[in-house]
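Colleague: Right, I'll just put the structure down here and ask away after.
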Amino acid sequence: MKNKERKLKSWQGWLIFSSSMVVVFCLGLLAASVTERRAEIQSIYANKKDKIAPFEARNEMYRGNYPREYETWTYTADTSFRSEFNGSQAIDVLEQRPNMVIFWAGYAFSRDYTSPRGHMHAIQDMQRTLRTGNPGIDGAGDMQPATCWVCKSPDVPRMMQAIGVDEFYKNKWSSLGSDIVNPIGCADCHDPETMDLHISRPALIEAFQRRGLDITKASHQEMRSLVCAQCHVEYYFKGEGKYLTFPWDKGMTMEDAERYYDEAEYYDYIHTLSRAPILKAQHPDFEISQHGIHAQRGVSCADCHMPYISEGGVKFSDHHITSPLAHMDRTCQTCHRESEEELRKNVYERQRKANEVRNQLENELAKAHLEAQFAWDKGATEKEMTPILKYIRQSQWRWDYGVASHGASFHAPQEITRILSNGLERAMQARIEIARVLARHGYTDEVPLPDVSTKEKAQKYIGLDMDGLHKNKEKFLETVVPKWVKKAKGKGLLIAAK
């Protein structure tokens, strides 16, 4: 019995010894692999091929030192991704939802509004949109200030350094056409020398300062969202100098921004049909995302829109900034264990429900504008219309704040539904008050509304000569833009053929 026990113990000892040797061998391989990968990473950063100058805006200059990041950045030119709700291709939103033409009567967005493409298209899309007009063609001047360039190019910080921030904003859009030529890229988010994340646009820094906050104390994880917040926010052009300003002084909710604008008696345009003083929301992506569960749990923009890629011993951020639905295995499924199909269904469900409210709001708001026009024509007084125009202004602000934000119905579905529902209530209230005004003026029938069921019909109704606008834009693209490109190349500002 004792001999048998000794044999068992001996056998067990050899098993333990052999297992230990295998474990030690595997640990050795792992240590060697880790050391090799660390050496590979250190080699990449220690042996940079090119010295990059401060304010270097040419994205191609970063390719030698950061080939992986550069290559994935070039994929932002790809427009093949599709989802149930748009994707990375330019879609004519006015064609899909012609009521928006009515909302923007008297404003450039009624001419042209498409869903955004990737960052590499930023300059080209700015030049092509009808919203920037055709300066220099048949004596036409600028429709927009140079402030419109601020979020389109890493040339912007370079020019701000060269001529000053105030002077940059004061310029006309076309005056910087040969200087703002490289699309959104490296220097917008990175210090060219250290490649640390940095804030290159003064408006975000100034917004923090006015709230008593120091943006330089932000953590690296916070910076992975704040570099996006330089542009993906609500803003306006303040005063005669068109100074880019974020309306965050009173807080970062929709109501806070509205209160800021109301106290400043600010409006973007007077609606040519209803005569309401309208606010045009930009794209309050950052503000709205802060109301969502992901941001509240510390998830950054880059975590989902720039997921990590491992290549050999290198882990780097994918600079193909796009919808997380395009790479769900590297975005959603790094935290969530459900299938892609289930997760995609969850996203679409949130978007569909928000869009139900949005569609109701758009129908009511369009009628409110048209019925207000009818009331004016029937002799309504300014005193009678003032509270109605306030409802319309509030309704459209809530609509625009909700729909202008990219991905809002996913980032913060409860907040977006709240905002849109609030806007719907105000549009309906405006229509009720219009009916009362009309009744006082002896009109009690249903208001006859024009046929604005298509983009073409709506644009014709508000008085746009679309054939002329397109013709002049074509002349602009054929004559003015090539001169900008030639001049930029002559100054050494542009490398790639564009």
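For all residues, glycine too, the Cβ spot is worked out from N, Cα and C.
Pulled these from Swiss-Prot:
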BINDING   His119, Cys228, Cys231, His232  heme c 3 binding site
BINDING   Cys148, Cys151, Lys152  heme binding site
BINDING   Cys186, Cys189, His190, His319  heme c 2 binding site
BINDING   Glu234, Tyr235, Lys280, Gln282  Ca(2+) binding site
BINDING   Tyr235, His283  substrate binding site
BINDING   His294, Cys332, Cys335, His336  heme c 5 binding site
BINDING   Cys301, Cys304, His305, His411  heme c 4 binding site
SIGNAL    1-31  signal peptide
Colleague: Among the binding-site residues His190, Cys228, Cys304, report those whose Cα falls within 10 Å of that of Tyr235 (Ca(2+) binding site); none is a fine answer.
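Modeller: Those close enough: none at all.
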Colleague: Taking each of the binding-site residues Cys189, Cys335 in turn and counting other Cβ atoms within 10 Å of its Cβ, which one has the fewest?
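Modeller: Looking at the binding-site residues Cys189, Cys335, the Cβ with the fewest others within 10 Å is that of Cys335.
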Colleague: As a test of the contact definition, list every same-chain residue at least 6 positions from His232 (heme c 3 binding site) whose Cβ is closer than 8 Å to its Cβ.
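Modeller: In sequence order, His283, Asp285, Phe286, Cys301, His406 meet the Cβ cut-off.
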Colleague: Excluding near sequence neighbours, so keeping only residues 6 or more apart in the same chain, what lies with its CB under 8 A of Glu234 (Ca(2+) binding site)?
Modeller: Phe246, Pro247, Ala257, Ala281, Gln282, His283, Pro284, Glu287, Tyr401
Colleague: Pull out the binding-site residues from the set Lys152, Cys186, Lys280, Cys332, His336 whose C-alpha sits within 10 Å of the C-alpha of His411 (heme c 4 binding site).
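Modeller: Checking Cα-Cα distances against His411 (heme c 4 binding site), none of the binding-site residues falls within 10 Å.
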Colleague: Can you tell me how many other Cβ atoms are located within 10 Å of the Cβ belonging to His119 (heme c 3 binding site)?
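Modeller: There are 21 such Cβ atoms around His119 (heme c 3 binding site).
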Colleague: What's the most sparsely packed of the binding-site residues His283, His411, counting other C-beta atoms within 10 A?
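Modeller: With the binding-site residues His283, His411, fewest surrounding Cβ atoms within 10 Å: His283.
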Colleague: Give me the long-range Cβ neighbours of Lys152 (heme binding site): same chain, 6+ apart, Cβ under 8 Å, in sequence order.
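Modeller: Listed in sequence order, they are Ala122, Ile123, Met126, Ile180, Pro183, Ile184.
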Colleague: What is the set of residues, excluding Glu234, Tyr235, Lys280, Gln282, whose C-beta falls within 8 angstroms of the centroid of the C-beta atoms at the Ca(2+) site?
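Modeller: So the additional residues around the site are Val233, Tyr236, Ala281, His283, Pro284, Ala404.
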Colleague: Tell me the Cα distance separating Cys335 (heme c 5 binding site) from Cys231 (heme c 3 binding site), rounded to the nearest angstrom.
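Modeller: With the alpha carbons as reference points, the distance is 27 Å.
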Colleague: Could you round the CA separation between His294 (heme c 5 binding site) and Cys228 (heme c 3 binding site) to a whole angstrom and send it over?
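Modeller: Cys228 (heme c 3 binding site) has its Cα 16 Å from the Cα of His294 (heme c 5 binding site).
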Colleague: Which residues, same chain and not among Cys148, Cys151, Lys152, have a CB within 8 angstroms of the centroid of the CB atoms at the recorded heme site?
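Modeller: Filtered neighbour residues, in order: Ala122, Met126, Thr147, Trp149, Val150, Ser153, Val156, Cys231.
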Colleague: Please name which of the binding-site residues listed here, Cys148, Cys151, Cys228, Cys304, is nearest in space to Cys189 (heme c 2 binding site), Cα against Cα.
Modeller: Cys228
Colleague: Looking only at DSSP and grouping its letters into three states, which state does His283 (substrate binding site) belong to?
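Modeller: The residue in question, His283 (substrate binding site), is coil (DSSP, three-state).
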Colleague: Whole-number Å only: compute the distance from the Cα of Cys186 (heme c 2 binding site) to the Cα of His119 (heme c 3 binding site).
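Modeller: Cα-Cα distance, Cys186 (heme c 2 binding site) to His119 (heme c 3 binding site): 11 Å.
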